[in-house]
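These come from Swiss-Prot:
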DOMAIN    1-159  domain 'Obg'
DOMAIN    160-330  domain 'OBG-type G'
BINDING   166-173, 191-195, 213-216, 280-283, 311-313  GTP binding site
BINDING   SER173, THR193  Mg(2+) binding site
Amino acid sequence: MQFIDQAQIEVEAGKGGDGIVAFRREKYVPAGGPSGGNGGRGGSVVFVAVENLQTLLDFRYKHIFKADDGGRGGPNNCTGASGKDLIVQVPCGTTIYDAETGDLLGDLTQPNQQLLIAAGGKGGLGNQYFLSNRNRAPEYSLPGLPGERKLLRLELKLLAEVGIIGLPNAGKSTLISSLSAARPKIADYPFTTLIPNLGVVRKPTGDGTVFADIPGLIEGAADGAGLGHDFLRHIERTRVLLHLIDATSDDVIRDYNTIEQELQAYGRGLSERMQIVALNKIDAVDRETVDLDALATQLNHLSHAPVFLISAVTRTGLEPMLQEVWGILDQVNALEEAEVFR
């Protein structure tokens, strides 16, 4: 399935039904009063978040969404039928902006969460509404009002608790496939991963934690280089960052600093996010020429974060690293609960 994480669409709520001009025509009542009913309300456009969608792909093929118009009023003071609301399903994690003003309209993060995007127009008034002591037989009515119309920009930010970040070819896809049932495309060249991949990693308790393999970031990502903005956006909702570094690189410290500088430049608190650093591919390192422990110590001093020596291929060091992930997530959850009750 193709992964689409941005879309622009147009939505239009239904027009209110027209009020009508009608008069009572009953036997023995030759000059009945006005009885034209009001028009029905136009249908609204409502967005709802659902769990079974993972992409905005559907919006690539359909760009205009319109709710039903309200029905015309009827005789005998009957109000027209209301237009049916249009329910638009989006993935959990979808942020909705007004494309013309840039205003944030809503952020749908929970299953079944709903957001009224465009309200239906009010129904027009029938002539019975205008009956008065001065006008006993009004011969006019009002049309229904148009529904709201909006041009929207949709952005999907993945809902993952742990974001795996690093330079291209650091082994992120191999790691997520080792930890979960996810099977991303893996190859021995940079930029194999062009879309984020999600994998569910099970705790010893059986509970699942969602990890996101974020496509490789490059220098200048915060300025948009290499689709950097698109990729960095998916890190915003994560609680923990797992910074993966290729231990076979000719300059591990440079690689670490490159990613950290991009996180700081992008902002939105990414550089302050709880982090774990992992030196990957240690199975491919010549221990006689490379002092991995010394590199780990340097990274620890730089990052002030726990550093692990791992191999995603052989699974060496993965369990201790995961235990640290679970511990940090527990801390974050406890802090969030404390904030709620403060």
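Note: Cβ is positioned from N, Cα and C throughout, glycine not excepted.
Counting every protein chain shown, the Cβ of ASN169 (GTP binding site) has 20 other Cβ atoms within 10 Å. DSSP assigns SER311 (GTP binding site) to a strand segment in the three-state reduction. In this structure, PRO215 (GTP binding site) belongs to neither helix nor strand by DSSP; it is coil. The number of other CB atoms found within 10 A of the CB of SER311 (GTP binding site), across every protein chain shown, is 22. All chains included, 29 other C-beta atoms sit within 10 angstroms of the C-beta of LYS172 (GTP binding site). Put simply, SER173 (Mg(2+) binding site) is 9 Å from PRO215 (GTP binding site) when counted between their Cα atoms.
When Cβ atoms from all protein chains are considered, those within 10 Å of GLY166 (GTP binding site) total 26, not counting its own. Geometry remark: GLY166 (GTP binding site) versus SER173 (Mg(2+) binding site), CA distance 11 Å.
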